[in-house]
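Enquirer: Before I ask anything, here is the structure I am working with.
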Amino acid sequence: MGSPEDDLIGIPFPDHSSELLSCLNEQRQLGHLCDLTIRTQGLEYRTHRAVLAACSHYFKKLFTEGGGGAVMGAGGSGTATGGAGAGVCELDFVGPEALGALLEFAYTATLTTSSANMPAVLQAARLLEIPCVIAACMEILQGSGLEAPSPDEDDCERARQYLEAFATATASGVPNGEDSPPQVPLPPPPPPPPRPVARRSRKPRKAFLQTKGARANHLVPEVPTVPAHPLTYEEEEVAGRVGSSGGSGPGDSYSPPTGTASPPEGPQSYEPYEGEEEEEELVYPPAYGLAQGGGPPLSPEELGSDEDAIDPDLMAYLSSLHQDNLAPGLDSQDKLVRKRRSQMPQECPVCHKIIHGAGKLPRHMRTHTGEKPFACEVCGVRFTRNDKLKIHMRKHTGERPYSCPHCPARFLHSYDLKNHMHLHTGDRPYECHLCHKAFAKEDHLQRHLKGQNCLEVRTRRRRKDDAPPHYPPPSTAAASPAGLDLSNGHLDTFRLSLARFWEQSAPTGPPVSTPGPPDDDEEEGAPTTPQAEGAMESS
């Protein structure tokens, strides 16, 4: 037997990979330790080169070829904390919506997009060379009856030229502290053709995509301001350079010319994803276009007043913008409020139930894990949902938000008010299928059915100390009267026949004296047995 030092013990941690990816995603949302900034069409995304190179062949070639991995930013030094000194990539050939969806996929292993944006995501995945996303998008488009778009030759050529130019610039080996590599001009992008509108299909999709309320890690560019004095060429070059001080490697600030000076780097705000929100309000300022300084403002005709008049892709893009980052001085009357609901279903990995709605899958998973994160501060009762806790708090505060419009009654729940309204309207929607008696409340009908009040026959009142009547077995019992019609109000006839049937089946013998007041249909001293009635008639 070997010594304890020679014995190797393997302790597996199955959740380590998912927890590690979750921590990286949290760092991306907060902007911590990000060593790369991706710019596209006026928007910026803070991210990590290692994560992108692990899931995209294009980024792997971009970061490793020509520079041996020591390219674009201070990835090997400790000065890239919080995004300071990070490298910059200009990827204008990839749209912001598709790029945001692919970045979220890289950090969460879940592709979140809309049906209308699926062709754009497929095109971006082809440019960035992400095979698994390409296969998934092709399968969904084919299953939905949509034709997959062919690759855009212009965008493919621009992506190839950018990769070659970047590899050439980083291979030149510019030392730290010197001027940045020569800017390699790229051909201007062609005017975008009119985008075809994808037809929505009613066929079921083969894959379940998670939909979240908002995209995280969107950085809204600041509003461009006119400086007090014109900037010289050197000042513009210094202002547009990122990571020139801090021990960065060669090729730190390489970016194709965009025609305008880059906005100064500063602290950026991030919007973490809140899974409990079922829907959220999107505030959009008409005077600022898509984003502050991100593009020309839209005309009132393009904005419109009807929600259907706005492109759903535009609404999905606006969902990534937080209202705190948009024009803080605007009044509420100048803001356009939009609500976006989830479209893609999600499947529970435990019970395989299909969950609809953003953020509802984590709430459903609490039914399997038993987690109850919402606790009452008064009595300590815990709940799995926040809305249930709010309803519970009404018991402590005495709040009754549902009031009757016809009387001063107030109720704790909406269904109590609905049942109460039947008293004013006279509706009796709950009907017994045996006697067709209607009730205003469902619990009244259930009580009626459990007690069998509709078929119960009482020939006379019986005291507690009376012996129960003797019922003969079914073999010796007399045949029940045939030909009874229980329809058209013949229920009383059936009850009378049933009473006579039990009287004939009862054993003969002296009647049991029942002291007390007589029945309502009997007179004082009246006979109570058939023998007595016959004796009186004969006399």
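Just so you know, glycine gets a Cβ as well, placed from its N, Cα and C.
The domain 'BTB' feature in Swiss-Prot is assigned to 34-115; the stated evidence is sequence analysis. Swiss-Prot lists Ser150 with the feature phosphoserine, giving a large-scale study or a structure entry as the kind of evidence. For 171-308, 458-486, 501-539, the entry in Swiss-Prot reads region 'Disordered'. For 197-206, the entry in Swiss-Prot reads compositional bias 'Basic residues'. Residues or ranges marked as N6-acetyllysine in Swiss-Prot (evidence: similarity to another entry): Lys206, Lys212, Lys335. The compositional bias 'Acidic residues' feature in Swiss-Prot is assigned to 273-282. According to Swiss-Prot, the region 'Required for interaction with and acetylation by EP300' annotation covers 344-400, on the basis of similarity to another entry. The phosphothreonine annotation in Swiss-Prot covers Thr369 and rests on a large-scale study or a structure entry.
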Enquirer: From the Cα of Ser150 (phosphoserine) across to the Cα of the residue listed as 'phosphothreonine', what is the distance in angstrom?
Expert: 45
Enquirer: Per DSSP, what is the helix/strand/coil residue tally across the region 'Required for interaction with and acetylation by EP300' (344-400)?
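Expert: For the region 'Required for interaction with and acetylation by EP300' (344-400), the helix, strand and coil counts are 22 helix, 10 strand, 25 coil.
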Enquirer: Let's check the environment of Thr369 (phosphothreonine): how many other CB atoms sit within 10 Å of its CB?
Expert: 9
Enquirer: Just to be sure I understand the packing, how many Cβ atoms besides its own are within 10 Å of the Cβ of Ser150 (phosphoserine)?
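Expert: There are 8 of them.
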Enquirer: What average pLDDT is reported by the model for the region 'Required for interaction with and acetylation by EP300' (344-400)?
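Expert: Averaging the confidence scores along the region 'Required for interaction with and acetylation by EP300' (344-400) gives 85.
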